[in-house]
Amino acid sequence: MISFALLLMTGVESVRDAYIAKPENCVYHCATNEGCNKLCTDNGAESGYCQWGGRYGNACWCIKLPDRVPIRVPGKCHR
């Protein structure tokens, strides 16, 4: 119980691996790993790459992206 309280007090932010999304729930389409890595790391992720032929086509996938950054969720992209 004490360790849980300490964890909450330290303000540790959780992370996840996911497609980074624009505010309208659209992915960032890509052609190179370099562009995605920059986008992901600029948003606090450990790294990123261009996922070729994935669920949303060629889109940026981020590794250890902070929870505060929007990710692609089920549903439509609202452009």
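Including glycine, each Cβ sits where the backbone N, Cα and C put it.
A disulfide bond in Swiss-Prot ties Cys50 to one cysteine from Cys26, Cys30, Cys62, and that cysteine is Cys30. Between Cys62 and the candidates Cys26, Cys36, Cys40, Swiss-Prot annotates a single disulfide bond, the one to Cys40. For the disulfide-bonded residues shown (Cys30, Cys60, Cys62), fewest C-beta neighbours within 10 angstroms: Cys30. Between Cys50 (disulfide bond) and Cys62 (disulfide bond), the C-alpha separation comes to 9 Å. Closest by Cα distance to Cys62 (disulfide bond), from the disulfide-bonded residues Cys26, Cys30, Cys36, Cys77, is Cys36.
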